[in-house]
Amino acid sequence: MSLAFCGNDNNSAAYNVDAGVLNNGCFLDALTVVPHVFLLFITFPILFIGWGSQSSKVHIHHSTWLHFPGHNLRWILTFILLFIIVCEIAEGIVSDGFNQSVHLHLYMPSCLAFMAAITSIIYYHNIETSNFPKLLITLLIYWVLAFVSKTIKFAKYTEHGIGLRQLRFGITGLLTLLYGLLLAVEINVILRRRYMCFAHPTEVKPPEDLQDLGVRFLQPFVNLLSKSTYWWMNTFITTAHRRPIDLKVIGKLPIAMRALTNYLKLREAFEAQKRPQGTQPQGPKWIWTALRQAFGKPLLLSITYRFMADLLGFAGPLCISGIVHHLSKENHTIQPPVKHLGIYFISSQEFLANAYVLAVLLFSALLLQRTFLQASYYVAIETGINLRGAIQTKIFNKIMRLCTSNMSMGGMTVGQICNLVAIDTNQLMWFFFLCPNLFAMPVQIIVGIILLYYLLGISALIGATVITLLAPVQYFVATKLSDAQKSTLEYSSERLKKTNELLRGIKLLKLYAWEHIFCSSVEETRGKELTSLQTFALYTSISIFMNTAIPIAAVLVTFVAHVHLSDDGDLSPAVAFASLSLFHILVTPLFLLSSVVRSTVKALVSVQKLSEFFSCDEIGDEQEPRATVLPNSSNHNKYQALPLKVVNRKRPIRDDWNSFTFQSEQEDEPLAVLDEDICIKITNGYFSWTDGTPTLSNVNIKIPFGQLTMIVGQVGCGKSSLLLAALGEMQKISGTVIWNSPTDAAAEWDIRKRGAVAYASQKPWLLNTTLAENITFEMPLIKQRYRAVIEACSLEPDIDILPQGDQTEIGERGIILSGGQRQRIGVARALYQTTNVVFLDDPFSALDIHLSDHLMQEGILKLLREEKRTVVLVTHKLQYLPHADWIIAMKDGSIQTEGTLKDIQNSQPELFEQWKTLMHRQDKEFEKETVDENMTVLERKNLRRAMYSREALKTEVEEEEQSVESDEEDNLSRVMRLRATIPWRSCGTYLSSAGLLLLLLLLLSQLLKHSLLVAIDYWLAHWTSKVITAKIDAAAHNCSLVQDVGFSHSSYLLVFSLLCFLGIVLCLATSVAVEWTGLRVAKELHHNLLNNIILAPMRLFETTPLASILNRFSSDTNTIDQHIPATLECLSRSTLLCVSALGVISYVTPFFLIIVIPLAITCYFIQKYFRVASKDLQQLEDSTQLPLLSHFSETVEGLTTIRAFRYEPRFRQRLLEFTDANNMASLFLTAANRWLEVRMEYIGACIVLIAAVASITNSLYNHLSTGLVGLGLTYALMVSNYLNWMVRNLADMEVQLGAVKKIKALLKTEPENYEGLLSVSQVPEGWPQRGEIQIQNLSVRYDSTLKPVLKHVNAHISPGQKVGICGRTGSGKSSFSLAFFRMVDTFEGRIIIDDIDIAKLPLQTLRSRFSIILQDPFLFSGTIRFNLDPEMKATDSMLWEALEIAQLKPVVKTLPGGLDAIIAEGGENFSQGQRQLFCLARAFVRKSSILIMDEATASIDMATESILQKVVMTAFADRTVVTIAHRVHTILNADLVIVMKRGVILEFEKPEVLLNQEDSVFASFVRADK
């Protein structure tokens, strides 16, 4: 058959031009070719050749600057144009089917139009991004030509009476309209940008974001196509494969998305609601309204997109119904089309009766639906993230103004505030994500039910009722789930508390052989936790079961009803499979329902909490009605929050600073009289923390400029409160606080506003940054000054110990430092600042005498005095009073006296005398204090140990990260390869922990369930096809009903019901199996982990930070408990559904397999790239959240310091940086998820198209049964839903298996060798009875890889001897004591105690027979009885006796409950000294014949220590005592002294012998100690 443009039929009317050329249909079509050819010819050379030479006038980094007016409209119109042209092509091909020969003119012009439309948009895009508007003239000409040619064609059609009945008329009309609109858009560009016909073109500047190289999040700036397909993310996701994504890679947030921008938006919304009187409305409604005003618009957009997507979603079932219906029509004859202008025209009914047309329509509808759905998700999530940033900023600004009393009086705890940030803002964000569902669900359900009714009649309503009745059940299960989760959380936090104590006290537990007692206590709590996890698992499995079983049940009920109710039992494949798809659509909103309702409830609670927090008291602020200002408060009205009782009614609210006049009401002296040399003056001050009685009353003080003022008084008399009152942190009831500015030309406001004050609080507050940054505190580093400050605070030796010197990160709250070191850093910060005023609150409390003296002399008297700074010092050390220029003595919240020391000596002689005696006593103490090894040296020693272990860990982690550092490039590619592979090993570990039986059950149930689901649908296809055959038979026999042909539904129905019931049962089985497996694994892994950790050698705890071991027990265990089972279920379900669907389609049309291969390859690469990027982004989101949360808790803890320093703006700035970093990661993660989903959905749509075309062809030519066509299409639709679920779950699973991997790494730890050569029964009952110790050639090291710490030590200690060991730090004293307990690796020599070599004993037995007192006292939370004797072996009288020996009996007697009194975590409710005494008592309870004291009296004052020494001598007269001394005078009366150096014994003799030898090391120690 030869091709001809107008066809070559015999009666070739196509070439007939008698009535004029324009009345020939073929010529009209030819005419429309002209514009398209013109465009293609002109633009191709420009696009391909001339592009390189075109240069842009504005050079910007990103090629995404869209600045032509009408940009989005043009893209939308082009998309519509393309769709209509496709319809035109289809219409042409269908109508050509009625001709004898091929008429090219029916569809060739439209093919060219399609190419031209695509070219036009590519051309436009290139011109726009390169900013070369003059070239747009081509497009202008094209639109004019196209518009004209279409108008002519349309006019001729109308002239010949062709109307809307013919489809081509409608299409031509629409095209004319579209070309006209595009022409209008083009003219608009000329008018607005004036690039032609005008002398001066309009200048446009690119937006700020695009000029900034750091902005990499381009979603708001790219064109519509790239926006909807996330095309701009391609490079980002593919590069993740080559280098990991970090904060540098994701860059900065665009301005519109920054937390600050959104906060201002939110603040405006809050401001807009202010009442005319300026008061702020309260309550949750106020917050909701503000959120609606600030973020309502984008949410509306998201809801609109969602509606469009949901309505388009119904195209699937309708198209399936249409396709199957048309294929099952008995005769394929349609009335012949109408002929006009010599060509055929068809109506839209005929057009839509073509199965292929429906397949293409289905494909387009799917593409559109998926695009709208993802757009809706994206907009909702972006809005949620913006909202979270805004609310976090608002919370932070509120924190900055909170009253300190709220914090200290328990109004708001740090925990509550951190929860607001971590939990409640996220709840609101989630609510915004799910918000579109709230509106879309009802619409989806209503439309779905209407369509079902249209297909199935009344029986549809019965099926829908089944679904709707189960919705409340779903909700009930969801609430039960959250309850179970809460109780699980309670148990797990209790378990964590116990685990934390166990890990912190692990050394003690091992030394006392108590690890099993504590281990079983943790196991017991874990048991409770697992019970509530079981409930959780039960409800989860019910929920999963309902998700899969409800659709089956609904379909079963519907079809049973349909067969019985409808008389002719019309159950054609078209109806059956369309309704099947509809049920699948209907079920989705009902599952979401429970989570959406729960999310809404949580959001309401969160907003309630937020509104309570926002209405907390503030330190006076401009907008707050409470901060009504007393007219005489001449200073700080900005900072004083006043209770309303004392409001001066004459002046309601402060107007403006300058119109502020002083009324002399309570105070007559005018301001000018304020002495020039007074810095702060408080007159008649009454201050309180809460609204109750004043803490400070009748305060009248002056603090002189540039001088040292000391505040003294007993504990609790209000010294610290006085400082805070001066800083404006307390509620002022009455009186005035005046700050004077040092400059003469002080402006009026200077007097009332205080400047920054360097404030060192009593409890030092440190930031989680480097030590140097803690001292400079955001000030520039001036080397000389910095060194002087460090010297004054004696921080040099401490810095030397730290691995990176002053660049070492100090953990949160200064975790790795001791109290004294923290305090000195706090003081150093105050000294380093250049403020005029310095407040030091008891800076000496945690320092020993030497450091205090050094700090006083070098820091306060030298550094601060020289700079003429005003210093206010609160102290208990009265010996420094002579240095003071001014002294304020306080008593019970009021001022006892103030003046110089001389004034006080004259005016209050008895107070002066009292001071004098105290000074004398403190000087005495000074003489007694040792020179050599005092507290500080001890602290440094501990620090060195802590740092050594942290360092070791760091290197281990680095080794783990990059085991081979040989070849940089090669190594990097290896790491990248590792990132791209799925952790199958961890998956194996996880599944193997479940045991073989469960695994088999899991696999079999899953496979069976999915086979059954396919069987149900296959049977439906078989049944409905039989109905059709029966119908054809009936028609042949002229019977009205199918029943008359002997066809019966009952047998089919029976099999169908049986299969459905089996399916439902199997659904239950699989959901239970998955959760059961999860529980079993959780139980196994935790049990193994705990037991491994308990038996691990001490070395593990010294080299691994506690936090990282705790993380295995907290977050990793939680992941394994709650997250992995759900992900595993989802993953297996979506994977098996996809596999079964592809199997079914391939069975229906085997040809499909060939075409699916390229799609499968595409899929593989997409998921491969996505998984890597997603993993990085998830980790990045988690890691950026931590600094944000710790910044909040740090700020809350250091509120007074920040406000004293006036550093609020700096901290706000840091908050904004942290929030933006976190939001940036969240946004990229969202965009990456959308990137994946759009691609997977498009692949799904392609699968639907291929399946549809293949099965239609198969049915038309190979007589494939229509039921199978329906089956294939229904499954094809399912694939597109589950493809992206599969990949998303795979990515999640990969991240979650990381937890298993980390736990597995810890499980590899070799335990200590607990088994001895002797069994427990072979060890004599009371061993060691005498306590004789022989040490022979002993060499010891901490680890086989390290150097020995004791070398060839020999010693013999007779029974009952008291031995003292001394030596400098690091000489091996402590290692010596640990060797008795086999806590260190003895690789040579042996220790023989009472004739038994301790290496042969079981560890448990060995350690349970000795007592040791460690230098760090450790108490467990629980009763005193439990702390002294966890094994519950001792009687009460024995415990009281031990307490009496330890000087604690009077203390414990006064406590409520006596021995059963509770000790707080870490013994917080006792002083350091008392804790040490409890540890002594603990050792006395265990009546062993050998006692080892490891520097046990370090934190006890001299008097108590001497009593203890006596007690030990008497109570342990008959036992062997080994004392490791830190003050040499404590071992002067020992029987033997061992002096050690670098792991070797230097001297081993009686002390008196050594003292008589002038050159002995011991003698030199004693001399130094004098």
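Just so you know, glycine gets a Cβ as well, placed from its N, Cα and C.
Record features (TrEMBL):
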| type | residues | note |
| --- | --- | --- |
| TRANSMEM | 33-52 | transmembrane segment |
| TRANSMEM | 73-94 | transmembrane segment |
| TRANSMEM | 106-124 | transmembrane segment |
| TRANSMEM | 136-155 | transmembrane segment |
| TRANSMEM | 167-191 | transmembrane segment |
| DOMAIN | 300-602 | domain 'ABC transmembrane type-1' |
| TRANSMEM | 307-327 | transmembrane segment |
| TRANSMEM | 430-454 | transmembrane segment |
| TRANSMEM | 460-478 | transmembrane segment |
| TRANSMEM | 536-562 | transmembrane segment |
| TRANSMEM | 574-593 | transmembrane segment |
| DOMAIN | 680-917 | domain 'ABC transporter' |
| COILED | 943-970 | coiled coil |
| TRANSMEM | 987-1008 | transmembrane segment |
| DOMAIN | 1000-1294 | domain 'ABC transmembrane type-1' |
| TRANSMEM | 1052-1077 | transmembrane segment |
| DOMAIN | 1333-1567 | domain 'ABC transporter' |
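With a threshold of 8 Å between CB atoms, the same-chain residues lying at least 6 positions outside the transmembrane segment (574-593) that come near it are 313-314, 316-318, 320-322, 324-325, 328, 434, 437, 440-441, 444-445, 448-449, 451-452, 455-456, 460, 463-464, 467-468, 470-471, 474-475, 547, 550-551, 554-555, 558-559, 1017, 1020-1021, 1023-1024, 1266-1267, 1270-1271, 1273-1274, 1277-1278, 1281. Scored by C-beta pairs under 8 angstroms, the transmembrane segment (430-454) has its highest count with 460-478, from the stretches 106-124, 136-155, 460-478, 987-1008, 1052-1077. Outside the transmembrane segment (33-52) by six or more residues, the chain places 108-109, 112-113, 115-116, 119-120, 122-123, 126, 130, 135, 138-139, 141-142, 145-146, 149 with a CB less than 8 A from a CB of the stretch. Beyond the transmembrane segment (987-1008), the same-chain residues lying 6 or more positions past its ends with a Cβ under 8 Å from any Cβ of the stretch are 1066, 1069-1070, 1073-1074, 1076-1077, 1080-1081, 1084-1085, 1120, 1124, 1132-1133, 1136, 1293, 1297, 1300-1301, 1304. For the transmembrane segment (460-478), the partner stretch with the most Cβ pairs below 8 Å, chosen from 106-124, 307-327, 536-562, is 536-562. Sequence-distant neighbours of the transmembrane segment (136-155) (same chain, 6+ residues past either end, Cβ-Cβ under 8 Å): 22, 28-29, 31-32, 34-36, 38-39, 42-43, 46, 68, 113, 116, 120, 123-124, 127, 169, 172-173, 175-176, 179-180, 182-183, 186-187, 189-190, 195-196.
Note on the transmembrane segment (167-191): residues 68-70, 73-74, 77-78, 80-81, 84-85, 87-88, 91, 95, 113, 133, 136, 139-140, 143-144, 146-147, 150-151, 153-154, 157, 197, 345-348, 351 of its chain, located 6 or more positions outside it, place their CB under 8 angstroms from a CB of the stretch.
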